[in-house]
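Per TrEMBL, the features are as follows:
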- 1-23: compositional bias 'Basic and acidic residues' (COMPBIAS)
- 1-31: region 'Disordered' (REGION)
- TRP183, GLU193, ASP213, LYS215, 276-287: substrate binding site (BINDING)
- HIS285: active site, nucleophile (ACT_SITE)
Amino acid sequence: MSLCQEQREKKRKLDDKSGDDSTHVIGLGTNSNQEAVVNEKRLSSGHSVFKDFNLIRVLREDVRHKMITLHGSLPLEDDGENKKKDAVLLLERKSFEVSTLENSLRLTKTVETLHNDIYSTHDVYGSESSAAADIKATLIHPATEKHITKYADHEPFIIQETQELYQTVTLPCIKESKFSIQWVYNILEKKTESDRILVEDPDPDVGFVMVPDMKWDCKNIDALYMVAIVHKHGIKSLRDLRKEHLPLLENILSKGQSAIKENFAVTRDKLRVYFHYQPSYYHLHVHFTHVKFDAPGSDVLRAHLIEDVMENLSMDSDFYSKKTLSYVVRENDLLYRMFKEKGYFS
């Protein structure tokens with residue numbers, strides 16, 4: 001099957017299934033009791049200010065923040081001629097209602113769209129009759145204490161990591177923590193996600209595999225997110241890159257951009273191509289995201305553009321082994337604790 005075709009086929013199978021007549025939908029809003037009473041009265045009246053809304057075009061869609069801005073038309077209530085006037089409508093998804101979320105999740109229908117080791121993604125439907133998924137879910141199961149800590153909300157702190165701090169704090173931390181990256185090797189060895197590979201160069205020195213990131217649904221091009229994972233083992237992060245790796249980086253950039261243009265009609269001037277530092281896992285990989293997408297980790301405290309990295313390495317092979325690099329750590333991260341023990345925050 002072609003890229004993402006499997007997801008569409010699974011959705012079709014869900015649509016063909018018969019289920020109960022319930023139409024339970026996951027509650028997305030957070031309301032107080034008083035607000036709920038008012039809303040119930042308004043709903044019972046059957047009134048909608050958008051009853052006569054006509055959509056003209058989508059002005060803007062913000063996938064990351066779940067917002068969309070529409071250009072449409074609506075009649076003016078006080079206009080005797082009842083002519084429709086231009087309107088701009090801003091829509092935003094409300095936050096989850098935590099108190100009812102557990103029960104709501106149990107009543108959903110799901111379609112698995114990806115499975116790799118302990119990670120899986122799912123389209124979540126509030127009811128059998130839903131034409132589109134209400135939620136995209138990523139499941140880590142079984143999750144370790146490290147996963148739970150990683151995704152919990154903790155106070156952030158900025159680290160300015162010198163060459164010495166990398167050698168004495170960060171590198172020992174990397175060796176000690178060691179999140180399992182078996183799922184990365186599964187992709188490289190084509191044990192999983194082989195049908196999702198967009199492009200591959202099998203060369204052991206300059207080769208890579210490019211697949212969609214789990215955060216992308218393979219549908220909204222403005223939210224495009226691909227990841228190129230190198231075949232070569234032993235390059236943990238930006239810190240390990242030297243001038244000798246320039247052919248690898250040039251190959252990833254050139255072939256990655258070409259494959260994305262060919263498959264999704266997104267040109268190089270619409271792509272943000274970068275490394276994370278610190279990365280989420282310590283096997284070298286490169287992020288390709290659409291410039292319209294406010295991708296997590298694309299800010300100045302984590303993203304390093306590949307073109308800048310290549311230029312710096314061409315001037316000084318040891319640039320990234322010597323440079324002070326700034327990034328965010330969070331309280332309760334192992335790296336935070338090791339910096340604290342070193343007296344960094346005192």
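Glycine is no exception: its Cβ is also placed from the backbone N, Cα and C atoms.
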Around TRP183 (substrate binding site), which residues of its chain at least 6 apart sit with Cβ under 8 Å of its Cβ?
ASN116, ASP117, ILE118, TYR119, THR192
Most Cβ neighbours within 10 Å: which of the recorded positions HIS276, HIS285 is it?
HIS285
For LEU284 (substrate binding site), nearby residues of its own chain (Cβ under 8 Å, 6 or more apart in sequence):
ILE229, VAL230, LYS232, ILE235, LYS236, SER237, ASP240, LEU241, PHE275
Hey, what's the Cβ neighbour count for SER280 (substrate binding site) at 10 Å?
12
Give the residue from the binding-site residues ASP213, TYR282, VAL286 that has the most other Cβ atoms within 10 Å of its Cβ, counting over every protein chain displayed.
VAL286
Sequence gap of 6 or more, C-beta under 8 Å: which same-chain residues meet both conditions with respect to GLN278 (substrate binding site)?
THR170, SER237, ARG302, TYR327, VAL329, LEU335
Which state, by DSSP, holds GLN278 (substrate binding site): helix, strand or coil?
coil
So, in DSSP terms, is VAL286 (substrate binding site) helix, strand, or coil?
strand
Do me a favour and check the Cα-Cα span between ASP213 (substrate binding site) and HIS285 (active site, nucleophile); whole Å is fine.
11
